[in-house]
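Colleague: In case it's useful when we look at the structure, here is the feature table from TrEMBL:
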REGION    1-25  region 'Disordered'
TRANSMEM  31-54  transmembrane segment
TRANSMEM  60-83  transmembrane segment
TRANSMEM  175-194  transmembrane segment
TRANSMEM  239-258  transmembrane segment
TRANSMEM  270-290  transmembrane segment
TRANSMEM  310-335  transmembrane segment
TRANSMEM  356-380  transmembrane segment
TRANSMEM  425-446  transmembrane segment
TRANSMEM  453-474  transmembrane segment
TRANSMEM  480-501  transmembrane segment
TRANSMEM  530-551  transmembrane segment
Amino acid sequence: MPEETVSVEGVQSDEKKTRMKKNAKNDAPNTYSFGAMIGITVNYIIGTGCLSLARTTGNVGLIVTIIILVVASLSTLALAVYFSDVLSRAFALVRAGWGPNASQERVREAEGLEAPAGGADKTPNSSVNMELVKVDADGRTRNNEAYPIPDYHISNDIVLCLSELMRIFFGSPGFYVYQVANIIYFFGTIWSYGNVVASSLTSVIPMYLLPAYKAAGAGADWGKCGSPDKYADYCVHSYWIWICVCMVLACILIFFDLSKQKILQTIFTACRFLVIILVIIITFVMYFIAPFDPDHSTLNKPYANTQVGLLPQGGSIAWTYVAGQFSSLTFCQMCHHSIPEVIKPLRQSDHKKLNLSFYITYLVIFIMTCLMLFLCGYYFGNVNPPLLTLHFTEWNGKAWGAEAVKSPNVAATIFGYIIRLLPPIYIITAIPINALTMAGNIIILFPLGLQKNIYLTVFSKLISIIPAMIVAGFVRDLGIIIEFSGLTGFIIVSCSAMMLIRAKKACRQVFGTTNGAKTPYTTWMSIDPIIYTLLAICGFGFVFVTAYLIYTAANPSP
């Protein structure tokens, strides 16, 4: 038996060396550096949703905002870092012959490996069956055979996406629960995109020929179309027209893979950051020029909104504002559903910096979130509309409101149009990209034989766009939309914690208590008390926000 054990270990060691040599060659064409990964991850996270955060500060107040910001930021950071550990353990387990057969075959084919010797006898291929071999303190199995040596490196050859990871660790039930949550999440994302496009274009492009506008006579004023919650009839009609235009364009563009248009996507990414930077800079400058709301502002510079207090406003309904902010902050700081795809191209020589890249990424996100919450929140207060860019409908560079529009400034007008026009331009191309991902999640729910059916493909693509756009026509409050999307966000971000618990147990059983305890990516945050605390936070957030959304639906604002 000892000679056989040495032979098996020798084969495993040779295979590991072969894989590492192969991956060393990947530090070239199809991989990127640790710095590039930070930029890509920030790009995944920062979106239009952050432009809805400023109003939440006015409703919730300084103290609660700081608490929620710290809790949400640290939670999303830790749950992102967990993916490094989870992926490392998943690859090691699958290489050792543990997990669904389909995943084992995919990894072996991608990495050019042979099936592990005796793997079927030592480690069952059912990811749900956790009763594996006995774990002994001396590092040997019940039959006195050596545990397989774990290969914890994360491959550049294949990506284990989140849905597949859920199947590996929780079987089909986990896979389907995640898929449904992900579909709802993308539904909310596309819903919010439709709202931003339609509300922005409604505020920028007047439709004077609309019958409702003509019927309004002398009282007609397109300036009233700046806030969706105060729309006149002609604003509503214009909004619906833009929703339909957006829906038709998205339904056409979804049949073209825009994600491969790298130059186009780079331009639109730059546009998104340009809007956010312009809003932040102009807000900072306006602190020293004029108050946004003169009736609720400090008398001296800097002009802060006096309605933003230390504690939540609203009396008995203050808890709804807290729930809304918690959901919004979670939604605006997550990209967890895409993390495995972001990690895959990272060159092997930079894998030692993988966790550091997440720390730097979330530091950048934290700074940008603070600017939106505090810099913009303390200037604009809790007034509508939730979409910050729409405030620039009535701005002349020196003041805000209907009176300011009567004395326009050319430069301010140009900046105002840029800030309001860029979001719908770059979002129109983002809709089909997100809808395509949602369509893929829908298709995979059907039997394998139907998944390549052309009619199902077309149906899944269209159903990923049309319902969300129609709902966007009826529900125009971006804050509510973001908060709804954040509800499923709690489920998605918590997946890494649930998988890590499962993966740690499986690794100890497959590789022994010593080799299965830690991976190169394990951090101090990977201890069980912290994992369960994060799961409790996500569970509380889900229940809290669900109660808030039910309350809001039952008690709509007048």
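Just so it is clear, glycine is given a Cβ too, placed from its N, Cα and C backbone atoms.
Please treat TrEMBL annotations as automatic predictions, because they have not gone through curation.
Would you situate these features in the structure and describe their surroundings?
Modeller: The list of residues near the transmembrane segment (31-54) in space but at least 6 beyond its ends in sequence, with Cβ under 8 angstroms from a Cβ of it, reads 156, 192-193, 196, 269, 272-273, 275-276, 279, 325, 328-329, 331-335, 338-339, 342-343, 345-348, 350, 353-354, 356-358, 360-361, 364-365, 368-369, 372-373, 376-377, 379-380, 386-389, 423, 427, 478-479, 482, 485.
Here the transmembrane segment (60-83) has Cβ contacts under 8 Å with residues 308-313, 321-322, 325-326, 329-330, 333-336, 339-340, 343, 355, 358-359, 361-362, 365-366, 369-370, 373-374, 377, 493-494, 496-497, 499-500, 523, 525-526, 530-531, 534, 537-538 of the same chain, all six or more residues outside its ends.
Same-chain residues lying 6+ beyond the ends of the transmembrane segment (175-194) with a Cβ under 8 Å from its Cβ atoms: 48-49, 162-164, 166-167, 243, 246-247, 337, 427, 430-431, 434-435, 437-438, 441-442, 444-445, 464-465, 467-469, 471-473, 475, 478, 481-482, 484-485, 488-489, 491-492, 495.
Cβ atoms under 8 Å from those of the transmembrane segment (239-258) belong to residues 194, 197-199, 201-202, 207, 225, 228, 231, 264-265, 424, 428-429, 431-433, 435-436, 439, 461-462, 464-466, 469-470, 472-473, 476 of the same chain, restricted to positions at least 6 beyond its ends.
Within the same chain, residues 41, 44-45, 47, 49-50, 52-53, 56-65, 68-69, 71-73, 75-76, 80, 342, 362, 365, 369, 382, 479, 482-487, 489-490, 492-493, 541, 544-545, 547-548, 551-552 sit at least 6 positions outside the transmembrane segment (310-335) and bring their C-beta atoms closer than 8 Å to a C-beta of that stretch.
Remote same-chain partners of the transmembrane segment (425-446), defined as residues 6 or more beyond its termini with a Cβ less than 8 Å from a stretch Cβ, comprise 48, 163, 176, 179, 182-183, 186-187, 189-190, 193-194, 196-197, 246, 249-250, 253-254, 256-259, 264-265, 268-269, 271-272, 456-457, 460-461, 463-465.
Long-range contacts of the transmembrane segment (453-474) within its own chain (CB-CB distance under 8 A, at least 6 residues past either end) are made by residues 186-188, 190-192, 194-195, 198, 239-240, 243, 246-247, 250-251, 254-255, 431-432, 435-436, 438-440, 442-443, 446, 481.
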Colleague: Quickly jot the same-chain residues contacting the transmembrane segment (270-290) by Cβ under 8 Å, restricted to those at least six beyond its ends, or write none.
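Modeller: For the transmembrane segment (270-290), the sequence-distant neighbours (Cβ-Cβ under 8 Å, at least 6 residues beyond its ends) are 46-48, 50-51, 301-304, 368, 371-372, 375-376, 379-380, 388-389, 392, 398-400, 415, 418-419, 422-423, 425-426.
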